[in-house]
Amino acid sequence: MRGFTCGNKHNFKEFQGDGDGFLSMAECQYIIKHELDTLRAKDETHIPGYTQAKLYPGKSIIRRLLSKGIMVQMFPLHEREELKRLSFSWFKKVKLSLQPLDDIRRYFGEGQALYFGFLEYFTFALLPMALIGVPYYLFDWEDYDKYVVFAVFNLIWCTVILELWKRFSATLAYRWGTLSRKKAFEEPRPGFHGVLGFNPVTGREEPLYPNAKRQLRIYCVSVPFVLLCLYLSLYVMMIYFQMEGWALSVHDEDPTFWTGILLFIPSIIYAVVIEIMNLIYRYAAEFLTEWENHRLESSYQNHLVLKVLVFNFFNCFASLFYIAFAMQDMVLLRQSLATLLITSQILNQFMEAFLPYWLQRRRNKKLIRKVKKKITLEDKELPLEEQVRLEADMSTYLGTFDDYLELFLLFGYVSLFSCVYPLAAVLVVLNNITEVYSDAFKMCRVFKRPFSDPAANIGVWQLAFETMSVIAVVTNCALIGMSPQVKAYFPESEMQLILWIVAIEHGLLALKFILTFLIPDVPKPIQIQLAKLEFESLEALKKKKMLEASELSKVRQ
């Protein structure tokens, strides 16, 4: 892989001329989208023909056209034949084989392909835990002492799989040519606005916005808002515990089959409320992060991810931490974890599998009525105008953010508390298998084709998963310390037990960071190839300079 520009295009053996398919569809889209996003107003005061649509120097023209409703939407069209081939190899038939990641990358881009690669990898990584969890669940269900071994396995598992994923993603990125690509100088986001000024780095005029003003918005508005939301989440959690106490007292007074079912109702209601709160908060976080007016897309994404992760983590796991370490009720912890996990998965499957399928059926019927023939959407060769109208009605894909967030929460349920509910890994494996097919179906049949997103890794989500694995070490060590089996070794001094657990936890964290250091992020063969590439580039540059120098000396002579 070498960096491709128009200037050096004839140095590439596959290149025959414009339109020869040398660049993938995703790469072509990326170039077009970049050009459209960087169109900014200079001297224009308004959009021609629309005096109400004011422009000022530095404003993104496409953004203004969209916000004023002059341009309704902008999206790339699906390539019907390519999509048919990809669908057939990806999700049309249920099969025990890996996903066609190279085809996904060619059609949708590296960002999408890395997400599906991570989903597949995470599913396979869960198999050892699922296989160990089944016998634990079947034979030692009430024997909490035995879960110490499972907790120790948890500690090692969550560190090793994340380190090995880095190597696997580096292999994919090298194969796709994004690993060695230098990070392009980031242009301002299309939504970024400010007073037009001179950028000393680029030497161009572009919008400038005071950093002090942005920091004031973050610390005086965004941070208090997040804290208020966390307080509301805590308040809802306390209501849940009151409901749990009421259901328990009803069951104790008159234990029947129906009161036994009643014990699960508070957890189910709480799980549904958690999903609703997460959804509402997500929209609020997006609005606030947009309002903070970040210059770079990477900065915008980092602030949005941080806001959403803090709230989602607290909202989903606060009750489990309270039950585990304040109430120390392992039976209730197991019940709450199972209910939260199963309810959230049912809701997600409904939203991600059943609902898209229903929308697709509805759209097919609409098309059938339109063309008066009973044929399926993908088999119909539509005129271009009809295809544009049809795809304009399709849902818009909002990126991989929600998909990664769902995997992050599932990873949390498995790594933090699965030692008290060993079937958690089995449920997550089943969820991920259906997730692969439902996500593939949505990408090909339900959503408009998204613009491609070149990527060398999963970005800030790698850090999020690694942070969760550190919390998992602390949580599992604490659960081990609370087990009667371990407490039996320290019958007289509880302080001694706490000190031992803290020492072991620090030792395991040190081991975790040593493992991180010992396992290279990039496999050795790829490191050698990258070094070769750099060496060849330096040699070529040296040779070029020598040729230029010799030509100059000839001219002088």
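Each residue, glycine too, has its Cβ placed from N, Cα and C.
Quick caveat, the model's predicted, so the values are computed rather than measured.
Features as listed in TrEMBL:
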type     : residues : note
DOMAIN   : 104-532  : domain 'Anoctamin transmembrane'
TRANSMEM : 113-138  : transmembrane segment
TRANSMEM : 144-165  : transmembrane segment
TRANSMEM : 218-241  : transmembrane segment
TRANSMEM : 261-283  : transmembrane segment
TRANSMEM : 304-325  : transmembrane segment
TRANSMEM : 337-359  : transmembrane segment
TRANSMEM : 407-430  : transmembrane segment
TRANSMEM : 497-519  : transmembrane segment
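Two recorded stretches are said to be in contact when at least 3 C-beta pairs lie under 8 angstroms, sequence spacing 6 or more; the transmembrane segment (407-430) and the transmembrane segment (218-241) fall short of this definition. The stretches the transmembrane segment (144-165) and the transmembrane segment (497-519) meet in space: the count of Cβ pairs below 8 angstroms, excluding pairs fewer than 6 apart in sequence, reaches at least three.
For the transmembrane segment (304-325), the neighbouring stretch richest in Cβ pairs under 8 Å, chosen from 218-241, 337-359, 497-519, is 218-241.
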